[in-house]
Amino acid sequence: MAEETDKQPELSRDLTLFQVTMMGVGMMIGAGVFVATGIAIGVSGPGGVLIAFILNGLLAFFSSMTYAELASAIPKAGGGYTYINEAFGGIIGFMGGWLSWFGHAISGSLYAITFAKYSSLLLEGINFFEKFSLNQNLFMRVTAVIIALVFVFINYKGSSETGNTSVYITLGKLSVLGLIGVAGIRAAFLQPDNFSNFSPFLPKGWGKILVTMGFTYIAFEGYEVIAQAGEETVNPKKNIPKAIFYSLVIVVSIYVIIAFATIIGVETGEIAVWKWFEQEGTTGFANAVKHLLPYGGIMVSVAALLSSTSALNATTYSSTRVAYAMGKNGSLPKKISKISKNSKTPHIALLLSSIIIVLVAATLPVEDVAAGADIMFLLIFMFVNLAVFKIRKEQGNELNYGYLMPYFPFVPIVAIIMQFILSIRLFDLSIIAWVTSGIWIGLGLLMYFIFQDKDEAKVN
Amino acid sequence: MTTNKIIGLAIIIGGYGLIWFLLLKSKNIIEIINKKELKNLDEIEDELDLKVGDN
């Protein structure tokens, strides 16, 4: 059996720094930014959204330093799960993987449905459903399943194909976002009176900034996907930490410029900007961009389609790698870590992840489950920030680091406190999300004890 | 300009500056570790003067 494992083909190591960086950017700039930016301005005001994006960026940078350190020293698939398992093992290690696997897979379902929603909106504009007497809801579900399967196939073809696909899609949406940003800066120069759009700066006070940080934090967590690629990246000790930092700085800059452009460009008449966005809700961003650019609405829809596909691509990849790592470590059956001889991808882990992605996309009310995934990611990040203490203490002089974070232990301590506060704040947004998370944790505990019993029975 | 606006702008500019500072510092650390082929915790902490107290 050991021989069989030794002879197994390995994951191919062909992802470049650029590809991995784009995978991270692709994951972070999911379609959420097109929906969340408008809502965030409505919740915390024009100043609040900029402050929330910067503080989230800073908090994410703190966590990314932990990830970069651990990923450079332990460049294995599995990301956060691998580090939690390495530090704590046992039930905490297992739960880290269990939550991470489902968190990524269900995020994938959310992106598949987001793609289907935007496709449906575009087709609705040309009366597609009336013309062909189609059920729009059914169309959305079927589209979500089809797009999920397309990216399962791309992920099966190999990590380089996954990386290349991610690069093309991400560059496409970055172009659209870049245009919006340039149009916003142009508007700032040509219409300086529009700076009055930033008044009132914080119409609902400082408290709402935490709420905005809570529901937008997920858009800053690309470092988890990049850390998954440790086994498939060229020179991972150097490239993985760099990709983690570069992708985060790119994304924070884009978010801030886009939020600035949206606020400066919008024309709301007598209504205060934050009030206008509050009334517009999820369509606020797209309608604001219409004021900035000709065909702005269609461009935003196209960018949202590209964003949801690149995020789906990245989450399909990362959920598969977590399942693969869990199989490899023995947390789940070893068979799950088998690698296809043809494509050199973990095909069984991909199959299992795709079942979760497709099932959830086809059946469940994904929004609340996705909020549950938010909570899970925050819990995982907290444990990873704890893991860095234990790993430094117990293995610090055995590991071969490619990066070591400065200002230790201040950085992980701040990250742990802030992530705890944000996860609690999510309770205000969705109680169902916390209930769902509780059910997953319970299911995970059950799985752990089943597998543990089986292992003990084997030993006996 | 209101007090909120002044504090808010300070957080935005300061926060963004801090992100860039951490990026450049981290990039520098990666380059030094890889160039000098430093490996374990003690070696890197001593070389880069990263030790805080007795950690």
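Placement of Cβ uses the backbone N, Cα and C atoms for every residue, glycine included.
Remember, TrEMBL labels are computer predictions, not curated facts.
Annotation source TrEMBL lists transmembrane segment at A:20-43 (among others).
Under the heading transmembrane segment, TrEMBL lists A:49-68 (among others).
Feature annotation from TrEMBL assigns transmembrane segment to A:80-102 (among others).
Annotated transmembrane segment per TrEMBL: A:138-156 (among others), in sequence order.
The transmembrane segment annotation in TrEMBL covers A:168-189 (among others).
The transmembrane segment annotation in TrEMBL covers A:243-266 (among others).
Positions annotated as transmembrane segment by TrEMBL: A:292-312 (among others). Counting residues 6+ beyond its ends, the transmembrane segment (A:292-312) has Cβ neighbours under 8 Å at 26-27, 29-31, 33-34, 107-108, 111-112, 114-115, 118-119, 121-122, 147-148, 151, 165-166, 169-170, 172-173, 176-177, 179-180, 183-184, 187, 261-262, 265, 285-286 in the same chain.
Annotation source TrEMBL lists transmembrane segment at A:345-364 (among others).
Here TrEMBL flags A:370-389 (among others) as transmembrane segment.
For A:401-425 (among others), the entry in TrEMBL reads transmembrane segment.
Residues or ranges marked as transmembrane segment by TrEMBL: A:431-451 (among others).
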Stretch contact, the transmembrane segment (A:345-364) with the transmembrane segment (A:168-189), Cβ-Cβ under 8 Å, 3+ pairs: no
Contact between the transmembrane segment (A:168-189) and the transmembrane segment (A:80-102) (3 or more Cβ pairs under 8 Å, separation 6+): no
Range from A:20-43, A:370-389, A:401-425, A:431-451 with most C-beta pairs under 8 A to the transmembrane segment (A:49-68): A:401-425
Stretch-level contact, the transmembrane segment (A:80-102) and the transmembrane segment (A:431-451), CB cutoff 8 A, at least 3 pairs: yes
Within-chain partners of the transmembrane segment (A:370-389) [C-beta distance under 8 Å, separation at least 6 from its ends]: 63, 66-67, 69-70, 80-81, 83-84, 86-88, 92, 96, 99-100, 102-104, 106-107, 109-110, 214-215, 217-218, 221, 224, 405, 408-409, 412-413, 415-416, 419-420, 422-423, 426, 429-430, 432-434, 436-437, 440
Residue numbers, six or more beyond the limits of the transmembrane segment (A:431-451), whose CB comes under 8 Å of its CB atoms: 91, 94-95, 98-99, 102, 331-333, 368-369, 371-372, 374-376, 379
